[in-house]
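**Q** Structure in structure tokens, see below.
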């Protein structure tokens, strides 16, 4: 029997596959040498798929362990393994990934019957937009690194110029690949594609690990410089394990200072870029060889519309504005020679007010989900499964840091004003993460409910689309604005109270998570500055805890925005 099976083309395939005749739309069943004697073609296909996933996963595991060993050796023994050695290893991995991606773009994806199916749930516009945004920031980061190393070429190696140059090519190629092919369910060269995807995932994980450790070193050096400044100012410095001096310092020129400051400012975006790429690549890996039935494709895909919500945007905008003011106030004070105690009180007080509101909203939303009559969506969906895993895993960063803070504060002086605020903040943060995860995960598993008056909305949408295709005059534009306002009022008045509350809560939580993502991403790190936990656990130990937990917390806020938007559009 042939290893190909005739399959009907579906409407979610690529245009060249959907329009092809029946004899060209064929599926390549997977083969593996361990299961070549299976009696059933379907059984051989399933076993080969599991074996391919196993071997590609083992490849990624070995690459990650090798790179982690290099990075750990660089941290603990900088004489035997230097940062340049780690850069050389990562450059080799980047080149291998570049070769595979180019082969996929020019070879694999262009083969006949290569992409018969595309996963409509994978590669959402917000996550692909995040790849582009963080990718551009990472490219700018590498440009700053090249400029900074070029100015200091007399005391820096050429590897510090070659590594970011390869990084720019890697980021551009990977971003293009993920933007155009994140939905692919590849049907040819299964094992080679899985190994290429896993190698790229492992490379991004190692780049994230290196970025975290380098960010740790930068913050450590900055904190030590402040300790020296405080010592000259006559204040007692807090303990730290070592006091290093750099022989290669930036000259007193404007361009060098710009490169240095831009390099430090853009560092968090590089960590986020690596994590987002890993999540998209993992979904592609799960979709290799996947055949999607037409029942899995929704007939009407929900779109984001800002109709039917009033209080959520108002409260969320207020939270964003107040948070931005608190953030700027904190940044101005924290970057001074001696940050005042009052700025920490204001910062933590803002969180203590906002986190309970977010928790109450998530609890109310979960209760409404329980009261709804929508059934759970039990269809296989790798994207949704990954979203759940990422939400639960990324939340462990903030939850873990909060528990470490609780132990340190209870053991020292919990009755102090600042300590009591930090203690309340840590407890509320744990509760908020848990309640928000329950609300988002429950909402992601709900089936899309067709809203009442869908026919009228569809007609209005068709009229708007037809209207947008022809040129309009100023008078017609004014009439259209009036119709849009009346449509907004009509939609808000006809929404059921359950759906209305869900949309209000979801939009409020979206804006809150955005400001809670912006504040730590752009430099608000009070856990580095207040000194409470650092003096309890020790300088090095607390830095290790924070620099692994903080990037996960930032990624959690960003990923929560995507999940909450999904809940909003399906409400």
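Just so you know, glycine gets a Cβ as well, placed from its N, Cα and C.
Annotations in TrEMBL come from automatic prediction, not curation.
Dumping what TrEMBL says about this protein:
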REGION    1-21  region 'Disordered'
TRANSMEM  54-75  transmembrane segment
TRANSMEM  87-106  transmembrane segment
TRANSMEM  126-149  transmembrane segment
TRANSMEM  161-179  transmembrane segment
TRANSMEM  191-211  transmembrane segment
TRANSMEM  264-285  transmembrane segment
TRANSMEM  306-332  transmembrane segment
TRANSMEM  344-368  transmembrane segment
TRANSMEM  388-410  transmembrane segment
TRANSMEM  422-441  transmembrane segment
TRANSMEM  505-524  transmembrane segment
TRANSMEM  536-556  transmembrane segment
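Can you walk me through where each of these features ends up in the structure?
**A** Listed by sequence, the residues of this chain that lie at least six past the ends of the transmembrane segment (54-75) yet keep a Cβ under 8 A from its Cβ atoms are 81-83, 85-86, 89-90, 93, 191, 194-195, 197-199, 201-203, 205-206, 209-210, 213, 285.
Within the chain, the transmembrane segment (126-149) has long-range Cβ neighbours (under 8 A, six or more residues past its boundaries) at 156, 160-161, 164-165, 167-168, 171-172, 174-175, 178-179, 182, 250, 255-256, 258-260, 262-263, 266-267, 269-270, 272-273, 276-277, 279-280, 558, 561-562, 565.
With a cut-off of 8 Å between Cβ atoms, the residues of this chain six or more beyond the transmembrane segment (161-179) that come close are 87, 90-91, 94-95, 97-98, 101-102, 104-105, 123, 128, 131-132, 135, 138-139, 141-143, 145-146, 149-150, 153, 200, 273, 277, 280-281.
Long-range contacts of the transmembrane segment (264-285) within the same chain: residues 53, 56, 119, 122-123, 127-128, 130-131, 133-135, 137-138, 140-141, 144, 171, 174, 178, 181-182, 184, 194, 197-198, 200-201, 204-205, 207-208, 211-212, 214-215, 218, 382-383, 386, 390, 520-523, 551, 554-555, 558-559, each at least 6 residues beyond the stretch ends and with a Cβ under 8 Å from a Cβ of the stretch.
Listed by sequence, the residues of this chain that lie at least six past the ends of the transmembrane segment (344-368) yet keep a Cβ under 8 A from its Cβ atoms are 315, 319, 322-323, 326, 329-330, 417-418, 421-422, 424-425, 428-429, 431-432, 435-436, 438-439, 442-443, 498, 501-502, 505-506, 508-509, 512, 516, 524, 526, 529-530, 567.
Outside the transmembrane segment (388-410), and at least 6 residues removed from its termini, the chain residues within Cβ reach (under 8 Å) are 279, 419, 422-423, 426-427, 429-430, 433-434, 437, 440-441, 444, 527, 532-533, 536-537, 545-546, 548-553, 555-556, 559-560, 563.
Long-range neighbours of the transmembrane segment (422-441) within the same chain, counting only residues 6 or more positions beyond its ends whose Cβ lies under 8 Å from a Cβ of the stretch, are 348, 351-352, 355-356, 358-359, 362-363, 365-366, 369, 388, 391-392, 395, 398-399, 401-403, 405-406, 409-410, 414, 505, 509, 530, 532, 556, 560, 563-564, 567.
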**Q** Going along the chain, which residues at least six beyond the ends of the transmembrane segment (87-106) come within the CB cut-off of under 8 Å?
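**A** Residues packing against the transmembrane segment (87-106) from afar: 63, 66-67, 70, 159-160, 162-163, 166-167, 169-170, 173-174, 176-177, 181, 193, 196, 199-200, 202-203, 206-207, 210.
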